[in-house]
Every structure is written in structure tokens, then in C-alpha cells.
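Record features, source Swiss-Prot:
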BINDING   10, 11, 12, 13, 38, 39, 161, 162, 326  NADP(+) binding site
BINDING   98, 228  phosphate binding site
ACT_SITE  131  active site, acyl-thioester intermediate
BINDING   158, 250  substrate binding site
ACT_SITE  257  active site, proton acceptor
């Protein structure tokens, strides 16, 4: 049994984390909740008990074994090292440490054994990947081990909940006022007057926005979401030379990120062998047609529409489609699964 802390215990994804800790019967002797000063003193119910939220900036983390951080990069950069210095193993769900070469970036089914188990953590911190990257990793791992992954071309279809409450409110707020006249869009894309967009660069209701994230000021024309796909895939899969081209798109879906993936390998790999491997892969469910609705609320990433890529010679290419719950496996679940693996070794 372990003593666990949840930092950033209030909010959208944090509720999912608390629910999962209960549902999975996490082996905790005690649980402490931490948040920003404005949430200090609030009461949260966990396992039938009311627990008072502590101030993450001033609380003493001594006595904790593991802390699950889901409070955003700004707080993580300051507080995660402070918790780690107190001897707490930190599993951080923000972007703060993903690029740090001394911090393992982990998907529980993919690289915990390689990068964490039996290793000394240089900074006492483990990073959780971006929710979009997360959906693809359990699918790509067994395929890479079988045939040697060389290149990925990916288009994402990212739910508005990936932008937080603001994204959810923007989609709902734009859809409600125009829903009765939506058929007019068949003939005239300017027929409806949407509320002005705030979160996105264009209306998201009944539309797509091929700009998820923010432009990176490096002349590449890429967004930070595009680059996360590349950088995180390389680090998690352990393929520093992996070629990755990504276009991340925001779509009018409330929950569930999806990816269209074209993968090129060094060796031939058949559709039949691919399905055999994925049927046995941890964290993966093989289906005919994955959708974000079907992925909502389940632990596994859904994969389907698997076919040979005719653009890659010698049977070395695959095309497939993946959907995953961005608030479940894409965030809270992976964090908890890492903590479960850590707890088993304590």
C-alpha cells in the first residue's frame, strides 16, 4: 500500500482521475488532494470520505510515495521538482518535462519496463505524453517490434475537450444558436451567423479547424501539436531517427481524439499479421471502424480500417485509423497506470 497525492485535484480531467482511482481500487493507504490557492479548503469526496484540498504551493509533501500532477505546466515546473526533492515520485500530466532528456516520457504499456522499471529516476519525475500521441503508441509498438518503423504520416482529428472547458463551451455555444437552421449550410457556407470564435481561429461548430495548438515560431509552419507528434513518438518508441509528418486538426467532437496513420516499415508486414499482433497488444482493441464515440469511456485505444498502403513498395506500408478517449487513456488513465506499476515495485 502507498501514500498518494493528486496535484490539481479540481477541474475537467481531474474528476476523471479521482473516479479512476476509485474504480480501479488503487492500492493507497492514504490519498491527499492538492490544488492552487483558490481551491484550498474545498472538500472532495473519495471512497466515501470528504478530503480537504491542500495548497499545492505551501503544503508539505513529506510522507507521500507518489504524486500525480495534473495542474498544468506552470505549476508543474515549480512544484513537481519540490515534491521530488522530498522523495516523492512525480508522474506529471503536463507538457513541462516531456522534452527533458533526463525525464522518461512513458506510455504504461509501451516503455515503462524499458525506461523506468529498475532505473534510478534522475529527477524523480515521469512525464505523461500528449493525449494525441498517446492514442497511437500502444498500436505502433508491436508493429515496430515486428517490422521496424521508419516513417509516419499522421492527420489527427482532435476533440474540443483537448482545449479544456473553453473548447467545450465554444463548440456548444456556437452550435446551440444555429442548430434549427443548420440545413442551410448545404447550399451556403455563410448562411448562419455563429457567435464569434474565441478559442479557435474559425468557428468549430459544423466545421473543422486545421490548426490544433499554436504556431511554433521556427519557420516550419508547424504547430506545437504537430511537433509533439514527432518528438514524443521518437522518445516513447525509442526511435530517434523516426520520420514523422503530422497535421493536427480540431474537429467538432466533444470527446475522443482520432488519428489517420500511414506507417512505413523497413520490413514487409501484412494486414493479417498486423491484425494478429494488434489483437494481442496491451491497451489496444481491434475493431472494424473506430470512432471517438465508441472510444469514449473505455480504457483501450481502438484501431481499425487496417489496409496495405499502396504508396509504399514491397508491402512495407500500412494505413490504419485509431481513436482513443483523450480524457481517459489520453490523460488520467495512463498517469494512474504508471502509478500502479510504480506501486507494485515499492
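For all residues, glycine too, the Cβ spot is worked out from N, Cα and C.
Sequence-distant contacts of residue 250 (substrate binding site), defined as residues of its own chain at least six apart whose C-beta falls under 8 angstroms from its C-beta, comprise 158, 160, 162, 163, 167, 200, 204, 208, 209, 210, 211, 212.
Looking at the residue listed as 'active site, acyl-thioester intermediate' and residue 326 (NADP(+) binding site), their Cα atoms lie 5 Å from each other. Neighbour density for residue 38 (NADP(+) binding site): within 10 A of its CB lie 9 other CB atoms from the protein chains shown. When Cα-Cα distances from residue 326 (NADP(+) binding site) are compared across the recorded positions 98, 228, 257, the shortest belongs to 257.
Annotated pair residue 38 (NADP(+) binding site) and residue 98 (phosphate binding site), C-alpha to C-alpha distance, rounded: 27 Å. The Cα atom of residue 161 (NADP(+) binding site) lies nearest to that of 257, taking the recorded positions 98, 228, 257 as the candidates. Counting other C-beta atoms within 10 Å of each candidate's C-beta, the recorded positions 98, 228, 257 are led by 257. DSSP assigns residue 326 (NADP(+) binding site) to coil, not to a helix or a strand. Counting only the Cα atoms, the space from residue 98 (phosphate binding site) to the residue listed as 'active site, proton acceptor' is about 20 angstrom. When secondary structure is read from DSSP and collapsed to three states, residue 38 (NADP(+) binding site) falls in the helix class. A straight line from the CA of residue 228 (phosphate binding site) to the CA of residue 257 (active site, proton acceptor) spans 14 Å. Every protein chain shown contributes to the tally, and the Cβ of residue 161 (NADP(+) binding site) ends up with 23 other Cβ atoms within 10 Å.
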